[in-house]
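Written below as structure tokens is the structure these notes are about.
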Protein chains: 4
Amino acid sequence: MSHQALKIVTIGGGSSYTPELIEGYIKRQAQLAIKEIWLVDIPEGEQKLNVVGAMAKRMVKAAGLDWEVHLTLDRRAALKDADFVSTQFRVGLLEARVKDERIPGSYGLLGQETNGAGGIFKALRTIPVILDIVKDMKELCPNAWLINFTNPSGIITEAIQHYGQWNKVIGLCNVPVMAMINEPALINKELKDLTYKFAGIDHFHWHRVWDNTGKEVTMDIINQIYADKNNGLPKNIFDISFFREQLEQMKMIPCGYHRYYYRQTEMLEHSLEEFKNNATRAQEVMRIEHELFTLYQDPHLDYKPKQLAERGGAHYSDAACEAIASIYADKKTHMVVSTLNKGAIPDLPSDHTVEVSAQIGATGAIPMTFGHFQPAERGWIQLMKNMELVITQAAVTGDYGTALQAFIINPLIPSGRHAKNLLDEMLVANKRYLPQFAEKITELEQQGVTVHDQVAAAIDNQIGVL
Amino acid sequence: MSHQALKIVTIGGGSSYTPELIEGYIKRQAQLAIKEIWLVDIPEGEQKLNVVGAMAKRMVKAAGLDWEVHLTLDRRAALKDADFVSTQFRVGLLEARVKDERIPGSYGLLGQETNGAGGIFKALRTIPVILDIVKDMKELCPNAWLINFTNPSGIITEAIQHYGQWNKVIGLCNVPVMAMINEPALINKELKDLTYKFAGIDHFHWHRVWDNTGKEVTMDIINQIYADKNNGLPKNIFDISFFREQLEQMKMIPCGYHRYYYRQTEMLEHSLEEFKNNATRAQEVMRIEHELFTLYQDPHLDYKPKQLAERGGAHYSDAACEAIASIYADKKTHMVVSTLNKGAIPDLPSDHTVEVSAQIGATGAIPMTFGHFQPAERGWIQLMKNMELVITQAAVTGDYGTALQAFIINPLIPSGRHAKNLLDEMLVANKRYLPQFAEKITELEQQGVTVHDQVAAAIDNQIGVL
Amino acid sequence: MSHQALKIVTIGGGSSYTPELIEGYIKRQAQLAIKEIWLVDIPEGEQKLNVVGAMAKRMVKAAGLDWEVHLTLDRRAALKDADFVSTQFRVGLLEARVKDERIPGSYGLLGQETNGAGGIFKALRTIPVILDIVKDMKELCPNAWLINFTNPSGIITEAIQHYGQWNKVIGLCNVPVMAMINEPALINKELKDLTYKFAGIDHFHWHRVWDNTGKEVTMDIINQIYADKNNGLPKNIFDISFFREQLEQMKMIPCGYHRYYYRQTEMLEHSLEEFKNNATRAQEVMRIEHELFTLYQDPHLDYKPKQLAERGGAHYSDAACEAIASIYADKKTHMVVSTLNKGAIPDLPSDHTVEVSAQIGATGAIPMTFGHFQPAERGWIQLMKNMELVITQAAVTGDYGTALQAFIINPLIPSGRHAKNLLDEMLVANKRYLPQFAEKITELEQQGVTVHDQVAAAIDNQIGVL
Amino acid sequence: MSHQALKIVTIGGGSSYTPELIEGYIKRQAQLAIKEIWLVDIPEGEQKLNVVGAMAKRMVKAAGLDWEVHLTLDRRAALKDADFVSTQFRVGLLEARVKDERIPGSYGLLGQETNGAGGIFKALRTIPVILDIVKDMKELCPNAWLINFTNPSGIITEAIQHYGQWNKVIGLCNVPVMAMINEPALINKELKDLTYKFAGIDHFHWHRVWDNTGKEVTMDIINQIYADKNNGLPKNIFDISFFREQLEQMKMIPCGYHRYYYRQTEMLEHSLEEFKNNATRAQEVMRIEHELFTLYQDPHLDYKPKQLAERGGAHYSDAACEAIASIYADKKTHMVVSTLNKGAIPDLPSDHTVEVSAQIGATGAIPMTFGHFQPAERGWIQLMKNMELVITQAAVTGDYGTALQAFIINPLIPSGRHAKNLLDEMLVANKRYLPQFAEKITELEQQGVTVHDQVAAAIDNQIGVL
């Protein structure tokens, strides 16, 4: 980047993650010539924005920095001449996540915000908004980089690149970060002495690892994971072991989210247990968020509180800071990001988004080649990538048949009338955030489709209460 | 073919289908210079071979033909200098099919002989046998064509081509045949006035249709299918409609077997209903077979009895005859067969087996290009084709982890401990026919794995009784 | 086609080939419900249009048919509601061909109208015109089929499909037709008893042949070609043998035009000999055309005169009639045509034009898969196809650097200052027909670039004289 | 590497380049725990081995190191338990290069050792030897890395990977090294502040460059290359400018060897000039080598003399040392190497060798994705890569037709009788080093094929004299 006075914008700035982001910038102050940080949010998030924004200002001040921290509801003012734009917003707030988790649960199906029916709906809500942001960026800051960590991160990045035709984007996820933090210790190594090769798509990738003598240590790590249960799973993933015989066959380490696909029965049982106990992750997060914002209101708190670690997205924001610093300072860092495939995985089209090991520098991400997968993994990844394409197409077109295809192809939703009823109910439940499906939703409402789960049905009235 | 005195061999000659095959040859007597028909079976099938073989002789005689009909248990003698070898055998007889259907059913999962756990096990049992046949053919009749209609036909053809390295093979299925018999009438057309383009893999393909003015009539047929329930489904597939919105999105006609994947819930319910009522298809077929063989024993019966139509595989044998005649007489017929892709479906590797519209003539099958699929269908077909590759690999290697991967990737088997227990139980239940897994099966038996379903557990003792 | 009263339009109707076309329609009168034939030409061709048009009318009358034959200079009137449009025009008339042949010759390089510098320039002149026709067709006859046999036929078809976004097109060439006419007799067979598989691009394809027993007879034909010099080469290709060792390695039969690439030295020598003797093909054709039009003026001539066979494009027009009849009557004929690849040749992109064996029926061309080439042929075809893409891009953009790239990549033009000078001189020589390069041509003229060959320089003044 | 006492072997150790190699090791002594350096040569090279080996020992001693330097003619003894094997041998010595350059010259064709007919023959001679080395390595040092810089480096690496089935290989070339040394200064930058992306095959690649603000500076470098003639070409490439319009169209920087293909006429003229003047590069190098070995004999010389820079292969040996150090010390360096494609260039098969930007560390080379080429470059690279495959196939099979195909597809050899005569003459001239073609060569000799160029014909008698 040529600017010596960086303007960094965060959309969804009122998020509870913001302190980690600010901490990340402070930690990298020598690498980043920051002048302005803009935290943007929507009117419904104004209160949180003010709380977390005030804390951000305290953190910057405590670090002895003269960075300007701007809080605003005016996205276009924030985007004007920005150098980096990071996106961490949640369309529909946590209330929408409650629905993503509870409505499928009420059908006896997995309720989860990036997998199954919930993940599809999170994408349907988010894609129109991100494409609108991209449209603004083309006008207001055409040279900026977009660092997306709004979930489902890979699908959102796909939409940005394919439909938004915007390639200056890096999609982030904390899952690879956590693997690289936790695994080296399992085999008494340091990360710097290992070579990691990740390949797949967001929340559905595998990796292999080698030590600095060139010896592959993937199986050593796997063996230690079975021996040591402290396996670095994200907080939101129930801990159930992979079948060892499966890992021995594939000779790769799946990501935590693979549990939903490789141990479908157990993950579903666990999800339904949470549903029954009114303890879905969204409900849990609401409680944590409440605590966090209570903390953030303390006018003496000027550092990231340790309680944030419980929130589940640890390292996400730090990864965003690292990506920004790597681009700005041309650091040529190894990171695992969502970016155009370009051949890194020859089993997938070269002009769509994948999540792979890449070198991050001034030109953005240069993916490292991974080569062909074996049949089982190839089948999975081709299915999942195409499902992403169906979802993005549904999100952009608002076509009901395409949304139905997404439900049918999703491996976590058994197809049939049950699935179709679920689709219909979720469309109605998400009415406010799915303008592209407005006509179909009206038709469904006229047919009497309503939300049956009481918690989900009630939640729209509680927005702002939380 | 240069021979003017054809020797045609049928392995599994004692099958109840044989009369349709013989009828097919008789119908094509002008195109086929047959000298010898050899019906081969194994000792367990000798009795049926004798019954159906005697009937075959009566049919040939009634047609006034001088063809020799040989009945034998000596496969090598039969293969010697053969021109065409058709395979319709069933490893483990109907008793194995009972297990394929009932054991998954006892786990609350789909019991079906070509889909789900049953289909995987049918492949695991059959592949070693077919590769053994190919080995014999290389030695005894290296110029012969192999016409396979043993199910799962596509997977078996894949194994023949990839592991057997034998490309003079045509894999057949009656599903496309039935579509082309039933659909034209729905739109008041004749088959000869339509252009059909099929693409996919066996039991998982789609097709589009055009009339002789070049107008696509795919949606017209779909509309009529919804209007007219007489939709030409194979006897063994429960009749449940596809979601109309899905078909309108894909603009193609799925095959009947797609119901298992597009209406998973309903198909499972139906399957479990059959399981509960001791009315699985295998049990039903045993009853039909018993009737058929009683009929066949009638020394006056010298034509294919109409009851055979109930058997489920109607047109399979006729398709085999048509393939043989098309090759022999270089008829350049349009047929839908399993053959090497060669680019017909650019979304799948060119050197693996697919099921597509092809021109059948003296050189075998020349696939017609279909072009790229849309994302939803591309995702499905890539998943399913790779699953086939995992299954064939498991069948050839006898590797437990690979078999487990096949179970996990199969969209009709929810992964998890349940699926693994099912795998283990089915391995033990199929012990006699899975020499490649012998070591693992012994280990499982030592761990106490047994077959729980009473019917399935008892059936080995009933072989020959039926 | 649904029309029962066909309107067929021929652009470039004043061509000397038209009688073959009319003969072709008459021959297929039972298959084609023709009502109107429109022959269109440009003002410069009006005289020839009148002569050949009058003869066309005599031919139709002599056949006892009531078809209307319209002669017009109004292309849009002709296109209105057309069912089939065939294109056989030559931008710049034979005068431009003289330049395509003589200017390269004056540089000591191959002068030929579809290969080398001449072929590139023929494409640069023709593509803007064909795209303009396509634009009209979208407006005036959006359901019509375009049958192109204007050369370079493959490149023109590529431009129609890629830049014109018009897929109802069949590109034709007489080279495969002639192979299938001449070769069967060499091995004492009839065409109907053989299976031909062609693959490549226009004027750069190979084929393999099998007999009706499935035996490959490619090498038998090759052997006979060496024994029998009557090898069915187009009239415009000098007869020099391929190296036998090369054909034995590739095990395919190249097309006649491969001589330019496989026997470059000899073909160049021959071309320069013709150049030196003022006997380039264009000059020869002008003489033939003069004779033909003298013949055509005979008010008693109402059949195709045998002298037309000398013209070089024999069977082109007949192939066009056959393509039209095959589409109209859904004949499902085997023809070798330029059409979208769709995977037929997996070594080339599936969304670009190739020339392959295809089934021609109501839906147009369905390519038959050929499979992968061996490395030598793969290298050649990938080079040549990409060269076509460079040429079409140059034609559409008018970019000088792209035209230069086309010259440099063309295997028959040694790169360097010589080639660049040739490019510049040909741009200036073709000024009238290259509006897209107007700016560059003006710049070149200002730099003093002129045409040095006297015949080529003089020819513009002779248009109409011939 | 796990060894703490490295054994490094150099095959062709008697080469004049060896001092650069030794200097490279000495320079990296902190990174490389060397115990033994083995210099291997063949009997014909023993004298040179002794001279240069003695000097290597002096250099090591002068550096104060205790490394053992072994000189041997026993390749197997050297390979035993080696950690790294570098190959810099020249089959047929410089005498063979004289033939590679002079015999084509005598036909009026380009004489060059890695392009045209000479390059093909260098590959045909070298591949059997390298495959023999690989065979030994599999037995004697199965964990060693092979660092190849014997030319044609890319083709040799292809043969090692494809036919030798040995993937622990890095193919090197000094051309990218020199670009990265020379270009940054042209735009007043340092290499560390730039991002280079190279893609192609050895001696036929392009690159793009970005600065540390992410701005592409490729065209800036191109502009400076035209302004500044000190362009870092290898010594053996005649300096002729690329056409600026071409580079502006491709927006990439070609490598120096592209001159042979982009300015064919001028490069040929220059080559023929050298031929005529008995000043081919081989003859020149012989003179330089003579001087170098005279220098090397000086018992006081214990450092790389500056005259070695004239030799032409500068930086080759240093690149080898850097590759070895990067693997050994897991440096994760950016280097441009020949390695398996794996998707880095999606336009080429993923399982063949390309030359691309890669990260070199303990696992060897991880290629960085480059993405698709534009049509012109894609056409060229697909041609050239397939030509490499034809050459390697000819080298392994000794099939004459395949060698002829290589000559015909080579863009620098106009096809025809001339080319075939050249092929025949070069086969005879290289008889001693082409055992795989023995039969054909005998046949050619019987037909009277002899070497016509006097220098080339005489040179075999001079071996050892030089």
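Numbers run from 1 along the shown chain.
Glycine is no exception: its Cβ is also placed from the backbone N, Cα and C atoms.
Under the heading substrate binding site, TrEMBL lists C:Arg97, C:Asn151. According to TrEMBL, the feature site 'Increases basicity of active site Tyr' maps to C:Glu113. Per TrEMBL, Mn(2+) binding site is recorded for C:Cys173, C:His203. If you look up TrEMBL, you'll see C:198-413 marked as domain 'Glycosyl hydrolase family 4 C-terminal'.
Listed in sequence order, the recorded positions from C:Arg97, C:Glu113, C:Asn151 having a Cα within 10 Å of the Cα of C:Cys173 (Mn(2+) binding site) are C:Asn151. Following the DSSP three-state reduction, the secondary structure of C:Arg97 (substrate binding site) is helix.
For the domain 'Glycosyl hydrolase family 4 C-terminal' (C:198-413), the model's pLDDT averages out at 92. Taking the C-alpha positions, the distance from C:His203 (Mn(2+) binding site) to C:Arg97 (substrate binding site) comes to 17 Å.
Its own atom aside, the Cβ of C:Arg97 (substrate binding site) has 25 Cβ atoms within 10 angstroms in the protein chains shown. Long-range Cβ neighbours of C:Glu113 (site 'Increases basicity of active site Tyr') (same chain, at least 6 residues apart, Cβ-Cβ under 8 Å): C:Arg97, C:Asp100, C:Glu101, C:Gly119, C:Lys122, C:Asn151, C:Arg281, C:Ala282. With respect to Cβ neighbours within 10 Å, the binding-site residues C:Asn151, C:Cys173 differ, and C:Asn151 shows the lowest count. Neighbour density for C:His203 (Mn(2+) binding site): within 10 A of its CB lie 24 other CB atoms from the protein chains shown.
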